[in-house]
Amino acid sequence: MAEQGKVFVFDHPLIQHKVTRMRDVNTPTKEFRELANEVSLLMAYEVTRDLPLSDVEVETPVQKGVFKEVSGKKLALVPILRAGLGMVDGMLSIIPSAKVGHIGLYRDPETVEPVEYYCKLPEDSASRTVILLDPMLATGGSAAAAVSFLKERGINDIKFCCIIAAPEGIQELHRQHPDVNIYCAAEDEGLNEHFYIYPGLGDAGDRLFGTK
Ligand code: URA
């Protein structure tokens with residue numbers, strides 16, 4: 001039996017505080033966007049905690065020594081359009097050498113299946129660890145479809161990173177892709193009848209881009 005994917009909920013006080021500010025319906029677009037950047041930066045720190053290190057010799061102004069540097073696979077960030085864009089800059093601010101791809105999905109109104117309408121990835125993505133970004137893991141349908149599209153392109157080392165996850169989304173993503181670990185800042189209570197996460201923070205895309 002395949003190993004069940006893990007869920008990491010980051011309970012750092014700064015992350016919790018900032019997500020609470022994001023939830024507040026009175027938080028304006030500018031501040032919401034800044035908070036999304038800051039939360040993503042802090043999450044990048046946690047998501048990269050297991051990066052392998054190797055020894056490197058460095059000469060300090062005082063003497064030579066052997067120190068640690070990040071080694072192993074390079075990283076790529078792949079936001080799911082459009083709300084995933086709100087997590088890119090924060091992550092890039094501490095992993096600036098990561099490459100960035102984009103994936104766009106819409107739900108076919110007849111089949112209700114996710115359809116890919118845009119996908120542009122770094123050429124060497126298959127040799128990278130891909131951090132797939134979407135602030136809200138709601139039903140898990142888009143996230144699971146995005147992972148499938150990445151796997152079809154030979155990408156098999158995938159981490160899914162969101163700000164708020166619903167239990168339904170976690171279950172569905174792990175049902176389809178038990179190999180993908182999920183990283184989030186909060187696990188909320190569930191989905192309402194409109195498939196919004198509750199208590200949630202509303203529509204992340206609208207709140208990021210001020211479209212509502
Ligand atoms: N997408 C959002 O932006 N918010 C939700 O609550 C669910 C999906």
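All residue numbers here begin at 1 and follow the chain in the order shown.
Quick reminder: no glycine exception, Cβ is built from N, Cα and C everywhere.
Just so you know, TrEMBL annotations never went through curation; they're auto-generated.
Binding site for 5-phospho-alpha-D-ribose 1-diphosphate per TrEMBL: Arg107, Asp134, Pro135, Met136, Leu137, Ala138, Thr139, Gly140, Gly141, Ser142, Asp203, plus Arg82 from the candidate set Arg82, Arg128, Arg153. Nearest to Asp203 (uracil binding site) in space, judged by Cα atoms and limited to the binding-site residues Arg82, Asp134, Met136, Ala138, Ser142, is Met136. Ligand 1 lies within reach of Ala138 from the binding-site residues Arg82, Ala138, Gly140, Ser142, judged by a C-beta closer than 6 angstroms to any of its atoms. DSSP assigns Ile197 (uracil binding site) to a strand.
Checking Cα-Cα distances from Ile197 (uracil binding site) against the binding-site residues (Arg82, Met136, Ala138) with a 10 Å cut-off leaves Met136, Ala138, in sequence order.
With respect to Cβ neighbours within 10 Å, the binding-site residues Gly140, Gly202 differ, and Gly202 shows the lowest count.
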